[in-house]
Protein chains: 2
Amino acid sequence: MPAHEQFVASNEAYVSTFDKGALPMPPAKHYIVVTCMDARVEPASQLGIGLGDAHVIRNAGGSAKEALRSIVVSQRLLGTREVAVFHHTDCGMLTFTNEELREKVKAETPAASEIVGEIDFLPISDLEDSVKTDVAFLKESSLLLQDTVYTGWLYDVKTGKIKQVV
Amino acid sequence: MPAHEQFVASNEAYVSTFDKGALPMPPAKHYIVVTCMDARVEPASQLGIGLGDAHVIRNAGGSAKEALRSIVVSQRLLGTREVAVFHHTDCGMLTFTNEELREKVKAETPAASEIVGEIDFLPISDLEDSVKTDVAFLKESSLLLQDTVYTGWLYDVKTGKIKQVV
């Protein structure tokens, strides 16, 4: 059974107790979490983010660079003034290089050969470094507001614990 | 108090009952959810996504185009074969045009004037259309695997309900 066939039943259970229909669009606590798409990452429960509190941006690796468009929208239109970047242990982005993934895609899908070479998959070689680099990237971006608090963190998928890096 | 000062206390409560440290890296249910960063969206509870089940990609609007890099990584390295794209009612991306947001950024931050013109903020003019367009974009991408199930959905922030669009 495709996974999406379970969405409706799960959502009906959610709707039966839903009482948050009046929440406004801007995040109540004015912050953004940037984190990985990893299946073992669940920001709401792991960081105590209540519904309506924060913007949550997720992509492969938790790249702040790729999140920039979303952060600009969040700051300029919806009033956020704090960004927390989380990367995590055992991340898939630690397991390959751009060249290796490009070659794999080309071998599996020859039709992709021409365009896959243009994609930077943003692999990570060192977790703490990647968090520091991402926070520095945001701090230095002229597109973002000066009065922003930036922090950087690691989440440990084996223990469930977070650790502040920067 | 900055929001991040609450992360550690919230996370300690999470860790005290955490028993999922042995979950593997690949998503157990082999699917990806692409959805918006909106503060009222919480995929795990709203769709019944268990820890370890699925990759969750989030950005401003739930753009499948921006999610492409992450989806390639997910499919090629971590075995996912299904993608569900969710957009939602009352989305901030319905409230502006590229030109309006660029002018706002320039007015607030003159130093950003040169580079903000290069950014497509991916605003949305019609929700059902944007879901259909995003699913079509993924289906047509030569970078993605042929044997993939794609679905497209809307989430209603007032009722908590989902509706399948495509």
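Heads up, residue numbers simply count up from 1 along the chain you see.
Each Cβ is built from the backbone N, Cα and C atoms, and glycine gets one as well.
All chains included, 27 other C-beta atoms sit within 10 angstroms of the C-beta of A:C36 (Zn(2+) binding site). Under the heading Zn(2+) binding site, TrEMBL lists A:C36, A:D38, A:H88, A:C91.
Apart from A:C36, A:D38, A:H88, A:C91, the residues listed for Zn(2+), the same chain places the Cβ atoms of A:T35, A:M37, A:R40, A:V41, A:G61, A:G62, A:H87, A:T89, A:D90, A:G92, A:M93, A:Y155, A:V157 within 8 Å of the centroid of those Cβ atoms. Annotation for A:C91 (Zn(2+) binding site): same-chain Cβ neighbours under 8 Å, separated by at least 6 residues, are A:C36, A:D38, A:G61, A:I124, A:L127. Closeness to chain B is evaluated for the binding-site residues A:C36, A:D38, A:H88 by Cβ distance, with values under 8 Å counted; counted residues in sequence order are A:D38. All protein chains shown were included, and the count of other CB atoms within 10 Å of the CB of A:D38 (Zn(2+) binding site) stands at 28.
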